[in-house]
Amino acid sequence: MAAAGGGGAAAGRTYSFKVVLLGEGCVGKTSLVLRYCENKFNDKHITTLQASFLTKKLNIGGKRVNLAIWDTAGQERFHALGPIYYRDSNGAILVYDITDEDSFQKVKNWVKELRKMLGNEICLCIVGNKVDLEKERHVSIQEAESYAESVGAKHYHTSAKQNKGIEELFLDLCKRMIETAQVDERAKGNGSSQPGAARRGVQIIDDEPQAQSVGGGCCSSG
C-alpha cells in the first residue's frame with residue numbers, strides 16, 4: 001500500500017511503500033535486507049519462517065519515504081502464503097543466486113504470479129545476488145538482463161557479503177515507486193478511473209511519524 005502524505009508541495013510529502021522480497025531459500029534475501037536496513041551481515045544460514053519485516057526511512061530529492069520491507073520464506077511449503085504478503089505491495093524484489101540456475105528459473109514463476117495478481121502497476125526488480133562468487137556463476141548476465149527487460153522489470157547485481165549494489169537497488173526502486181504514485185495521484189486528480197491504484201490503496205494522508213524498525217527472522221548469506 002502506498003500513501004502520500006499531504007501538507008505542502010509534492011517535494012515535501014511522505015510516501016509510504018510496501019516492498020516484498022521473493023525467491024528460493026538460500027539465495028540471500030534476508031542478508032540483503034539486513035545489510036540495507038542495519039548494515040549487518042551474518043555468514044550463518046538461518047532460515048526465515050513464513051515472513052518478517054524491517055522498516056527504513058529515506059529522503060530522496062526532498063521527498064520522505066517510509067519503506068516496509070517484507071522478507072518471505074523461500075521454502076516450497078510456504079509458497080502458498082505468498083499472496084498474503086505481496087498483496088498491496090508497491091514493489092517486489094525477486095532474488096536469485098547467480099551460482100544456482102534453478103533459483104533463477106523459480107524467479108520466473110514468481111513474476112508470472114505477481115503479474116497475474118497485481119498487473120503491471122507493481123515495480124519489479126530482478127536481483128542476481130552473491131556476485132562475490134562470480135567465478136561460480138551459472139546464470140549468464142545477458143540471459144538475466146534480457147529476461148528482466150522482457151517482463152518490464154529492471155535487473156540488478158548485489159552482494160550482501162561485500163555490500164555491493166544494495167543501496168543502488170533500493171534507491172532506484174524507491175524512485176520508480178514515487179513516479180508510479182505520482183502518476184496515480186494525477187490520474188485521480190483528473191477524475192480518471194485507475195483500478196490498479198485503488199487496489200494498491202494510493203491515497204493522500206496527513207504526515208504521521210512511522211514506527212521504529214521492527215526486525216524478524218533471517219535467511220541465507222550472500
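Including glycine, each Cβ sits where the backbone N, Cα and C put it.
The N-acetylalanine annotation in Swiss-Prot covers ALA2.
The GTP binding site annotation in Swiss-Prot covers GLY25, 28-31, 42-43, HIS45, 47-48, GLY74, 129-130, ASP132, 160-161. Residue environment of LYS130 (GTP binding site) contains 28 other Cβ atoms, counted within 10 Å of its Cβ in all protein chains.
Look at Swiss-Prot and you will find THR30, THR48, ASP71 tagged as Mg(2+) binding site, backed by similarity to another entry. Annotation note: ASP71 (Mg(2+) binding site) sits in a strand segment as assigned by DSSP.
According to Swiss-Prot, the feature motif 'Switch 1' maps to 40-53, an assignment based on similarity to another entry.
For 73-91, the entry in Swiss-Prot reads motif 'Switch 2', with the evidence type similarity to another entry.
Marked as S-geranylgeranyl cysteine by Swiss-Prot on the basis of similarity to another entry: CYS218 (among others).
What Swiss-Prot lists as S-geranylgeranyl cysteine is CYS219 (among others), and the listing cites similarity to another entry.
Residues annotated as cysteine methyl ester in Swiss-Prot, with sequence analysis given as evidence: CYS219.
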ASP43 (GTP binding site): tally of other CB atoms within 10 A of its CB: 9
Cα-Cα distance linking ASP71 (Mg(2+) binding site) and SER31 (GTP binding site), given in Å to the nearest integer: 10
Surrounding CB atoms that lie within 10 Å of the CB of THR30 (Mg(2+) binding site), all protein chains: 29
For LYS29 (GTP binding site), the three-state class that DSSP assigns: helix
Stretch-averaged pLDDT - the motif 'Switch 2' (73-91): 67
Nearest of the binding-site residues (GLY25, LYS130, ALA160) to ASP71 (Mg(2+) binding site) - Cα to Cα: GLY25
